[in-house]
Amino acid sequence: MAEKRNIFLIGPMGAGKSTIGRHLADELHLEFYDSDQEIEKRTGADIAWIFDLEGEEGFRAREETVINDLTDKQGIVLATGGGSVVSKAVRNRLSARGIVVYLQTTIDKQVARTQRDKRRPLLQKDDPETVLRRLAEERNPMYEDAADYIVDTDEQSARAVANQIIEKINQ
């Protein structure tokens, strides 16, 4: 039997990785995983609490372990955390073990999509837009470098983006 392909979704918070990933997995009959949800499941704690207790460095170490474990599976769609690409080891692992799709979005869309979400520790500041701009400057080159495909998520439904990804990977 042919080996099933893995699809890994990367991009900033608010790009739609989890929502699009569920649609993609459903359409392709693959298992869906969200690295943040998997971390919460394994630790029994939410991301914000892990950040408070262990700092970003402790969280990133957990994230790297979870992504390593999940990318060893076959036939999955994985929505990664927005900061996972900061780790060169994670970027290399994603590239080596599947198809990497960068879900691109604007800062304005990120602000609109994340403004009521209290589960995002990096945005619990007075000026989340400034934080998002700084993160974009830092991470966008890493997303681009790791990506096999880049898909814009701003003006399309999650289902339309999932279908666009399927078209791209089947070309």
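Cβ coordinates are placed from backbone N, Cα and C, and glycine is handled just like the others.
Listed by Swiss-Prot as binding substrate are Arg60, Gly82, Arg139; the candidate from Asp26, Asp36, Asp108 that the record includes in that site is Asp36. DSSP assigns Ala15 (ATP binding site) to coil in the three-state reduction, outside any helix or strand. In space, Ala15 is the closest of the binding-site residues Ala15, Gly16, Thr19, Gln156 to Arg139 (substrate binding site), judged by Cα positions. As a whole number, the greatest separation of Cα atoms within the substrate-binding residue list Asp36, Arg60, Gly82, Arg139 is 18 Å.
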